[in-house]
Structure formats: C-alpha cells, structure tokens
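**Q** Mind looking over this structure? Questions follow.
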Amino acid sequence: MLGTINTTGMQGFNKSERCPRDTRMTQLLFPVLYTVVFLAGILLNTVALWVFVHIPSNSTFIVYLKNTLVADLIMALMLPFKILSDSHLAPWQLRGFVCTLSSVVFYETMYVGIMMLGLIAFDRFLKIIMPFRKTFVKKTAFAKTVSISVWSLMFFISLPNMILNKEATPSSVKKCASLKSPLGLWWHQVVSHTCQFIFWAVFILMLLFYAVITKKVYNSYRKFRSKDSRHKRLEVKVFIVMAVFFVCFAPLHFVRIPYTYSQTTNKTDCRLENQLFIAKEATLFLATTNICMDPLIYIILCKKFTQKVPCVRWGKARTAGSSEDHHSSQTDNITLA
C-alpha cells in the first residue's frame with residue numbers, strides 16, 4: 001500500500017511540473033469577487049453575531065443557528081488569505097500557509113455549516129410533525145452535544161491535512177497537491193469522499209424533511225382556508241432554504257470528485273485538468289456566497305432574530321394589517337420560527 005501511495009504522490013508532483021496551471025481568471029476576476037463576498041459576509045455576520053449575543057440559547061433551533069454563524073464567520077476570516085494568495089499580492093510563503101492551513105479550516109467550517117443546516121431542517125421537521133411531543137432531541141443539551149460532535153468530527157478528519165505535508169518551496173506551492181506527502185494525498189482523497197457523503201446525505205434528508213413539512217403545511221391551509229396568499233408565501237419560504245442550499249453547495253460537489261481525481265492521478269491531460277480547476281474555483285466561489293445567504297435564513301426562519309434587528313422589526317410593523325394577516329403571521333412563526 002505504501003508503494004502505491006508513494007507512486008501516486010510522485011505522479012502528482014511530476015504532473016505539477018509538466019502541467020502549468022492557467023491562473024489568469026483566478027488571479028484577476030475571483031479575488032475581486034471574493035473581496036465583495038468577504039466585505040458583505042463580515043458585515044452581515046457581524047450584525048448577526050451582535051443579535052445572537054443578545055438571544056439566549058434556550059432552544060435547539062437557536063443553538064444550531066449560533067453554530068452556523070460561528071462557522072460562517074470563520075469561513076469569512078479565511079478569505080483574505082485566499083484573496084492575497086490568488087492575486088499574487090503576497091509572498092509565496094503565504095500560498096504555503098493557504099494550502100496547509102487556511103484552506104483546510106475553510107473547508108472544515110463549510111461542512112460544519114452544511115451539517116448545521118441539516119440539523120436545522122431536522123429541528124423544523126420535529127416541530128411541525130411532533131409539535132407537542134417531548135423528546136430528548138428537542139432539548140438544548142442534545143443540540144449542544146451534537147454541535148460539539150460535528151465540530152470535533154470535522155476537526156479530527158481535517159487535522160491530518162494540516163500535518164501530512166512536505167516543506168513548502170516556491171515551485172511546490174503553485175499547486176497544493178504538490179505540497180502533500182504520499183500519505184497526505186491518500187488522506188486528502190479519503191476526506192474528499194467523506195465530505196461528498198456528508199453533503200449528499202444532508203441534502204437527501206433535507207429534501208425529505210421539507211417535503212413532509214410542505215405537505216403538512218399545505219394540508220393545514222386546505223383545511224382552514226383553501227386559497228391564501230400567506231400559504232403561497234410560506235411555501236416559497238420553505239423552498240428558498242432548499243434552493244439556497246442546493247445552488248450554493250451542489251455544483252461544488254458535482255465538480256469536486258473529478259477534480260480531486262485529476263489532482264491525485266497521472267491520467268488527466270493538462271487541458272482537462274485546467275478546465276476542472278476553473279470549474280472548481282467557480283463552484284467554490286458559489287459555495288462561499290453561503291456566508292451571505294445564511295443571515296437571510298436567520299431573518300426568514302427566526303422570529304427572535306427579527307425582533308432584535310431594528311430595521312427588520314420596523315419593516316414588519318409597517319406591513320402589519322388586519323387581524324387575519326396577524327393570524328397568518330403567527331401561523332408562519334409556528335411553522336418556521
């Protein structure tokens with residue numbers, strides 16, 4: 001096995017020497033786009049942090065939202081390193097730091113965020129299907145334990161990617177795969193497949209949860225009022241969460257398997273490898289925009305959050321109207337808040 005790993009590692013290194021990467025787009029366009037996302041993400045998540053500091057963690061829902069916020073903030077803080085590295089505005093040593101540490105932390109927190117969104121969907125599912133049944137999964141102690149487990153899992157599977165690396169040189173930092181030891185390349189493949197499994201498992205479960213939630217809400221509205229604009233808006237809210245999750249994360253996971261394969265074998269031609277690299281960078285940027293989308297989810301789903309944000313609270317107060325609207329608004333809070 002060690003012989004196979006060593007051969008794979010040498011292939012990855014030799015390939016980086018004979019297959020130079022086309023970085024014109026990643027050096028010019030993506031750093032600008034990432035800068036916009038970084039500034040917007042820091043602003044939105046700083047406001048969200050201020051709000052959540054004033055909200056006690058007295059429900060599983062709030063616990064999951066707070067963990068999502070922490071993951072998003074850490075992701076955002078990793079972006080300046082990528083921006084400086086990709087734009088070649090920093091010394092080559094920073095590129096080595098990005099490959100061995102900051103990008104690893106970035107991916108780690110991305111998958112923490114993915115699992116937290118899955119737990120949020122599960123929490124909504126339980127509150128809609130079993131609103132009055134008391135069970136241990138509805139206790140904050142359970143939510144905190146699961147959250148710690150998620151962070152611990154991602155930390156321990158990410159740690160070898162920070163350790164199993166060779167000494168950085170000006171030539172080896174051009175491709176992160178060239179920095180990895182033979183065992184590090186093998187572990188990178190293991191982690192990549194593990195993360196693929198995490199994403200698709202969460203996505204399928206979210207799809208099932210929200211399908212059941214939508215059916216439950218639809219049947220409830222049919223029973224009491226057959227045609228209601230509030231009902232349609234509520235359906236849109238439910239599917240917006242699924243849409244954001246799919247649009248942000250699915251493209252990256254379609255691309256990541258062939259990209260990782262191209263990085264760890266010697267069977268991909270240079271043109272295809274460069275195309276996969278651009279596709280990976282484009283879909284990674286799309287996934288990064290999730291740090292700006294999650295604060296919108298807080299506003300849509302969390303009543304306590306909107307009560308703490310003055311501009312949102314003022315806007316809702318202006319739109320508050322008849323008693324029928326008030327009743328519908330409360331129904332929305334029961335189903336989504």
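Quick reminder: no glycine exception, Cβ is built from N, Cα and C everywhere.
Keep in mind that what you see is a predicted model, and the values were worked out from it rather than measured.
Relevant sequence annotations retrieved from Swiss-Prot are reproduced here:
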type	residues	note
TOPO_DOM	1-31	topological domain 'Extracellular'
CARBOHYD	N6	N-linked glycosylation site
CARBOHYD	N14	N-linked glycosylation site
TRANSMEM	32-52	transmembrane segment
TOPO_DOM	53-60	topological domain 'Cytoplasmic'
TRANSMEM	61-81	transmembrane segment
TOPO_DOM	82-101	topological domain 'Extracellular'
DISULFID	C99-C176	disulfide bond
TRANSMEM	102-122	transmembrane segment
TOPO_DOM	123-144	topological domain 'Cytoplasmic'
TRANSMEM	145-165	transmembrane segment
TOPO_DOM	166-193	topological domain 'Extracellular'
TRANSMEM	194-214	transmembrane segment
TOPO_DOM	215-237	topological domain 'Cytoplasmic'
TRANSMEM	238-258	transmembrane segment
TOPO_DOM	259-281	topological domain 'Extracellular'
CARBOHYD	N266	N-linked glycosylation site
TRANSMEM	282-302	transmembrane segment
TOPO_DOM	303-337	topological domain 'Cytoplasmic'
**Q** For the topological domain 'Cytoplasmic' (53-60), how many residues does DSSP put in helix, in strand and in coil?
**A** 2 helix, 0 strand, 6 coil
**Q** Answer with yes or no whether the transmembrane segment (61-81) touches the transmembrane segment (145-165) by the criterion of at least three Cβ pairs under 8 A, sequence separation 6 or more.
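**A** When sequence-distant Cβ pairs are counted, the transmembrane segment (61-81) touches the transmembrane segment (145-165), since at least 3 lie under 8 Å.
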**Q** Using the structure shown, find which entry in C99, C176 (the disulfide-bonded residues) has the sparsest Cβ neighbourhood within 10 Å.
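**A** So among C99, C176, the disulfide-bonded residues given, the one with the fewest Cβ atoms within 10 Å is C176.
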**Q** With CB pairs under 8 Å as the measure, which of the listed stretches 61-81, 194-214, 238-258, 282-302 comes out on top against the transmembrane segment (102-122)?
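**A** Looking at each of 61-81, 194-214, 238-258, 282-302 in turn, the most contacts to the transmembrane segment (102-122) are made by 61-81.
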**Q** State the residues, same chain only, that lie 6 or more residues beyond the ends of the topological domain 'Extracellular' (82-101) and have a CB under 8 A from a CB inside it; answer 'none' if no residue qualifies.
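**A** Counting only partners 6 or more residues beyond its ends, the topological domain 'Extracellular' (82-101) has Cβ contacts under 8 Å with 23, 26-28, 30-31, 34-35, 38, 161-162, 165, 168, 170, 172-174, 176, 179.
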**Q** Just to confirm my parser: what is the rounded mean pLDDT across the topological domain 'Extracellular' (259-281)?
**A** 78
**Q** Give the nonlocal contacts of the transmembrane segment (61-81) in its own chain as ranges (CB under 8 Å, at least six residues past its ends).
**A** 34, 37-38, 41-42, 45, 48-49, 52, 55, 94, 97-98, 102-103, 105-106, 109-110, 112-113, 116-117, 119-120, 123-124, 127, 140, 143-144, 147, 150-151, 288, 290-291, 294, 298, 301-302, 304-305
**Q** What residues in the same chain, six or more past the boundaries of the topological domain 'Cytoplasmic' (123-144), come closer than 8 Å to it by Cβ-Cβ distance?
**A** 57-61, 63-64, 209-210, 212-213, 216-217, 301, 334-336
**Q** I'd like the per-state residue tally for the topological domain 'Extracellular' (82-101) from DSSP, helix first, then strand, then coil.
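**A** Helix (H, G, I), strand (E, B), coil: 15 helix, 0 strand, 5 coil.
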**Q** Mind checking which residues reach the topological domain 'Cytoplasmic' (53-60)? Cβ under 8 Å, same chain, six or more beyond either end.
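**A** For the topological domain 'Cytoplasmic' (53-60), the nonlocal Cβ contacts are 66, 123, 137-140, 142-144, 304-305, 308.
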**Q** Could you give me the DSSP helix, strand and coil counts for the topological domain 'Extracellular' (166-193)?
**A** 19 helix, 1 strand, 8 coil
